[in-house]
């Protein structure tokens with residue numbers, strides 16, 4: 001299967017002196033908080049790419065998932081995109097979307113998102129003429145009901 005040492009450190013670089021190291025707020029937190037390296041203003045209904053000035057190498061067979069922070073979600077702030085591929089080595093940016101009614105200010109050093117490391121599988125794709133049937137079939141959005 002996967003030959004991955006879970007005790008191997010993940011290497012990262014602070015690209016500028018404005019960068020702050022990713023941190024976990026508790027020993028069992030799923031994600032590492034990412035910090036803004038700059039000040040930004042995001043008007044209602046707008047989005048902004050927030051630079052962390054951090055670059056890192058993902059562990060083999062892993063990718064980084066940028067996830068929202070619950071406290072920001074309560075304020076109407078969401079994440080756009082959010083995948084860091086195993087072979088990406090550039091500045092990690094986070095797209096913040098302001099779904100709120102007020103302007104949202106991001107200050108240097110604010111926690112803006114969390115980075116969660118997840119295993120990934122690279123399957124070989126095979127085109128076929130049809131798929132095996134299931135009870136659900138092609139029933140999609142809302143088809144399983146609310147209860």
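Even glycines carry a Cβ here, placed using N, Cα and C.
Feature annotations, courtesy of Swiss-Prot:
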| type | residues | note |
| --- | --- | --- |
| BINDING | 24 | Mg(2+) binding site |
| BINDING | 68, 69, 70, 82, 83, 84, 85, 88, 93, 95, 111 | dUTP binding site |
Cα separation, the residue listed as 'Mg(2+) binding site' to residue 68 (dUTP binding site) (Å, whole number): 14
Residue 93 (dUTP binding site) to the residue listed as 'Mg(2+) binding site' - Cα separation in whole Å: 18
Cβ-Cβ neighbours of residue 111 (dUTP binding site) (radius 10 Å): 17
Cβ neighbour count (within 10 Å, all chains shown) around residue 85 (dUTP binding site): 11
